[in-house]
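Pulled from TrEMBL:
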BINDING   ARG21, GLU78, LYS117, LYS444  (6S)-5-formyl-5,6,7,8-tetrahydrofolate binding site
BINDING   223-228, 242-248, 267-270, 322-325  GTP binding site
BINDING   SER227, THR248  Mg(2+) binding site
DOMAIN    213-369  domain 'TrmE-type G'
Amino acid sequence: MTDTIFAPATAAGRSAVAVVRLSGPGAGAAVKALAGKLPRPREATLRVLRDGQGRAIDQALVLWFEGPSSYTGEDAAEFHVHGGPAVVAGLLEALADLRLRLAEPGEFTRRAFENGKLDLAQAEGVADLIEAETEAQRRQALDQLGGALGQAQTRWREGLIEALAMFEAAVDFPDEEVPADVAARARPVLASLIGELEHAVADVKRGERVREGFRIALVGAPNAGKSTILNALAGREAAIVTATPGTTRDVIEVPMRLAGYKALLADTAGLRDTRDEIEAEGVRRARAWANDADLRIWVVDGASDAAATVPTLHPHDLCLINKADLVQGAETGHALVEARALNVEVIRLSAWKPDDISALLMALEHRVVDALAGAELPTATRLRHRELLSEALERLNRALLLEDDLELAAEDVRLAGRALDRITGRIDPEDVLDRVFSSFCIGK
Ligand code: GDP
């Protein structure tokens with residue numbers, strides 16, 4: 001039998017109100033023990049909570065949810081108490097005295113999943129919503145909590161079952177009742193499904209970036225002004241600025257909000273050859289981070305750029321020619337020529353000028369919006385989804401190639417379905433047979 005769990009639902013510390021929840025078969029008895037008789041379900045009721053010795057703990061609003069009409073699907077309750085640490089501690093102690101167990105992280109949502117209240121992707125949506133710091137993260141998480149991925153999965157699954165039904169019919173009933181070209185008819189169904197999955201896989205990256213942050217790497221030679229630019233952009237002293245080259249020895253990531261999206265800005269160790277082992281490791285990590293980043297900003301000291309090593313850049317990257325305050329006159333220079341040859345946008349600025357930093361911020365916001373905003377929210381949003389979608393795609397592509405062996409093709413389609421089912425945590429093989437019989441009228 002499942003046990004009854006409890007936990008504070010609000011953060012520790014002082015607050016106007018704190019919420020403690022319970023869930024499980026013993027929830028009703030616990031409410032009675034603490035608050036007298038059970039309140040009417042789903043109605044906020046003011047009660048004095050008392051511990052085992054009859055001493056008052058607090059006056060609280062009590063909410064009682066009779067299973068299965070609750071978040072977890074079990075009997076559940078909430079106590080809304082005054083948010084002082086001693087009140088919450090007293091209530092938790094009284095619940096522990098009733099032999100209820102403190103919940104593990106995520107255990108309420110896990111029970112909701114196990115009781116069919118949420119699918120796995122929706123449960124992930126709950127976690128993302130709690131983590132959301134930006135508008136874009138919130139919208140994406142809410143969409144996932146609303147079951148967007150589950151709905152897409154249901155649609156993909158229908159195509160898959162249709163194809164599988166055709167394959168299986170051709171294998172199991174190779175007589176005149178089944179059209180001879182049935183397997184051939186499965187191909188366009190598979191091909192269109194593959195197209196949809198490819199689209200979803202291509203879009204996962206966007207979802208992951210919205211969740212985790214758009215990664216921007218500042219790269220360039222020591223002393224070009226990377227730390228100064230990072231601090232100016234982040235609006236605080238996040239990196240150590242010094243006049244000695246080679247002081248930034250590791251990758252420093254600073255979370256920022258850009259146009260409603262989360263971004264991670266990293267100051268990377270100056271790119272130069274060095275004998276210092278620790279610095280060399282810093283340079284290696286900097287290169288790896290920069291290669292993986294969504295945007296690289298090559299920072300160049302405009303006053304002395306003759307020796308600037310050109311980093312690996314991509315067409316949408318940026319080149320900042322810094323220290324414009326020290327340089328007068330025409331735009332000539334080694335870095336400018338290199339950047340133009342790479343077709344990279346060049347911005348001349350001084351990291352010390354607030355107006356220049358504002359203009360740079362706007363340029364960055366445009367890039368984030370271009371990369372992450374779309375007409376639709378991405379359906380899949382994390383590595384787990386990407387891996388399962390890729391596995392399903394691989395299986396379906398193989399099935400498409402197995403012209404002569406319909407049994408093997410059917411098996412691949414089945415395994416693709418299993419991969420998709422794992423996205424929402426659902427496995428349901430009965431559907432396949434249902435489809436075979438309903439669409440081909442076999443065995444009537
Ligand atoms: P990093 O090694 O690339 O991170 O470079 P820092 O940010 O530590 O800057 C190196 C030096 O250049 C520091 O002394 C900064 O104060 C100076 N510096 C940064 N930006 C500017 C600028 O726009 N103009 C001038 N004149 N000096 C700058």
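Easy rule for this one: first residue shown is 1, then count along the chain.
Just so it is clear, glycine is given a Cβ too, placed from its N, Cα and C backbone atoms.
Here the features listed in TrEMBL are placed on the structure.
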residue	record	Cβ contacts under 8 Å, 6 or more apart
ARG21	(6S)-5-formyl-5,6,7,8-tetrahydrofolate binding site	PHE6, ALA7, ALA9, ALA76, ALA77, GLU78, PHE79, PHE108
LYS117	(6S)-5-formyl-5,6,7,8-tetrahydrofolate binding site	PRO68, TYR71, THR72, GLY73
LYS323	GTP binding site	GLY225, ASP301, GLY302, ALA303, SER350, ALA351
Cβ packing number for LYS226 (GTP binding site), 10 Å threshold: 29
Densest Cβ neighbourhood among ASN223, SER227 (binding-site residues), 10 Å radius: SER227
C-beta crowding around GLU78 ((6S)-5-formyl-5,6,7,8-tetrahydrofolate binding site), within 10 angstroms: 21
Mean per-residue pLDDT computed across the domain 'TrmE-type G' (213-369): 82
DSSP three-state assignment for SER227 (Mg(2+) binding site): helix
Listed binding-site residues with Cβ under 6 Å from ligand 1, out of ARG21, LYS117, ASN223, LYS226, SER227, LYS323: ASN223, LYS226, SER227, LYS323
